[in-house]
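Trainee: To start, I am sharing the structure in question, which I have written as structure tokens.
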Amino acid sequence: MEPLVTWVVPLLFLFLLSRQGAACRTSECCFQDPPYPDADSGSASGPRDLRCYRISSDRYECSWQYEGPTAGVSHFLRCCLSSGRCCYFAAGSATRLQFSDQAGVSVLYTVTLWVESWARNQTEKSPEVTLQLYNSVKYEPPLGDIKVSKLAGQLRMEWETPDNQVGAEVQFRHRTPSSPWKLGDCGPQDDDTESCLCPLEMNVAQEFQLRRRQLGSQGSSWSKWSSPVCVPPENPPQPQVRFSVEQLGQDGRRRLTLKEQPTQLELPEGCQGLAPGTEVTYRLQLHMLSCPCKAKATRTLHLGKMPYLSGAAYNVAVISSNQFGPGLNQTWHIPADTHTEPVALNISVGTNGTTMYWPARAQSMTYCIEWQPVGQDGGLATCSLTAPQDPDPAGMATYSWSRESGAMGQEKCYYITIFASAHPEKLTLWSTVLSTYHFGGNASAAGTPHHVSVKNHSLDSVSVDWAPSLLSTCPGVLKEYVVRCRDEDSKQVSEHPVQPTETQVTLSGLRAGVAYTVQVRADTAWLRGVWSQPQRFSIEVQVSDWLIFFASLGSFLSILLVGVLGYLGLNRAARHLCPPLPTPCASSAIEFPGGKETWQWINPVDFQEEASLQEALVVEMSWDKGERTEPLEKTELPEGAPELALDTELSLEDGDRCKAKM
């Protein structure tokens, strides 16, 4: 048994050695058939982007990318020499392989390289690369800081050339948040500093990557892509923010608050997160419109730092900027705080000028006194800056001016604001001391009420009206009206205060028939006004209405009685002076009995018995319609009366006709 073992073991060892010699070494390119079917499956996935280059004097490297699932994938680097012989390197699951110039691959002559991947029982091939390995140097992408600037509406990128790699061909690719990669060419580079001109977008951010390869070697491999270069849009996005201002505090300051944050810029995938170069900086620029005589009117702050402001008027601008410069601004106007304190400011007007007194804030305070006519544009405001001053013993600060200066010399209403600051050079340290109204010029004379009128109100009162004083147009200046009434007989004077909003008062307790004079003046808190022109009036003595009624009634009854008596007297006189005449038809004297007989007489001698008697004819008249008549009056014919000729025939029908007429 031992002799058999002695012979078998050496033979087995020799057999293994012979088999190892026949097998391909891992460090060499194997010139045998590959251990897989050599046929491209045409799959869309597989190895891509093969690059082969020299990394040292005798060392070379090939690398590639694989797209698709990597589990169970084996990679083989294939190489065909110019003679037509082909070999392969087994790389396993790695995508990078190194070999020396002794691996059986010609490095001084042109060779063709590609990658075959065996996966899922199929073969996937990469595109072929033909090159001379010794001259194919591995170029690095742009390293370090890539400077980005704007040149003639284009984007210019500049970087330092990697060491020992002068002379390169450079490409770039770029994309936006909503677009895929786009390839561009930078052209040949042959200097220690390389640059590239790229398109610049106006309103969207871009991501750029650069790669390099040896100039003049078309078969050489490209370097890997550089790190992302994030470029902001040419125009920074305009901020859409909103501010609010709090109420003015006791310290004369109010807080400016940002209500809405600016919108964030949309970035491509490779620039999301901390992407230097795409930052948009928002700054807050304050412009204090009030107190134009101060040394500094503007200040720029970071948007995140909200300042405290005085009660002055401001323009607040939000400035957006990126590495290309500032963009469009958005400006808001913050109006001045109009809260007034009419009792906080004392004004003394004298022959030498005017002096203001107000409560001092602190030691060494600089005050800015600003005034402007009410109703005018704020740009017409005038101001005066005082030197730093300490409070007087009464704790007051003062400011004086002469009449020659013309300050507030016109007779009109002025709005006065006083600001204070211990550091006037710092715009955000101003505070409002007070705001009030003041009537300039000769307020006593200018405020005198005009058009004073007096109207009767009752038997012992009158209503006094007047036009509003000019002081009433100045809020808080007019304290009250005073109406003075003077009794011209007793020389007694009474004064009546009236609210500044009223222009009418009723004076009562007056006596009829007495002369009075009335005057009106307008007073301020620090000055008495001038009396208006006196208006004279009196209340007439009034007669009782009942007395007038009874007097009128007596007159009426007297006239009525006289009329009745006169009428009766005239009636009686008319009966005596003008008695009524008889009515023939109403008298029975003309009625004759016996039918239609005619009586004629011409001369009394025809009736001797009548003529001798010489009796008077008596005619009786009856007022009744019946046969009975009563004599009312008797008329006697005197002697010597003319003869009565009765040549009329009266019949019964004629008598009836007369009765009918009656």
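Glycine is no exception: its Cβ is also placed from the backbone N, Cα and C atoms.
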Trainee: According to the record in Swiss-Prot, which candidate from Cys52, Cys79 pairs with Cys62 in a disulphide?
Mentor: Cys52
Trainee: Which range is it, out of 28-36, 127-135, 433-441, 577-585, that shows up in Swiss-Prot as motif 'Box 1 motif'?
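Mentor: So the range that Swiss-Prot calls motif 'Box 1 motif' is 577-585.
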Trainee: Select from 235-257, 488-510, 626-648 the stretch of residues annotated by Swiss-Prot as region 'Disordered'.
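Mentor: Result: 626-648 is the stretch Swiss-Prot calls region 'Disordered'.
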Trainee: Same-chain Cβ contacts of the motif 'WSXWS motif' (222-226) under 8 Å, 6 or more residues past its ends?
Mentor: 51, 138-143, 146, 171, 173, 209-213
Trainee: Just give the helix, strand and coil counts over the domain 'Fibronectin type-III 3' (237-337), going by DSSP.
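Mentor: Helix (H, G, I), strand (E, B), coil: 3 helix, 45 strand, 53 coil.
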Trainee: Considering every residue in the motif 'Box 1 motif' (577-585), what is the mean pLDDT value?
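Mentor: The predicted confidence over the motif 'Box 1 motif' (577-585), as a mean pLDDT, is 66.
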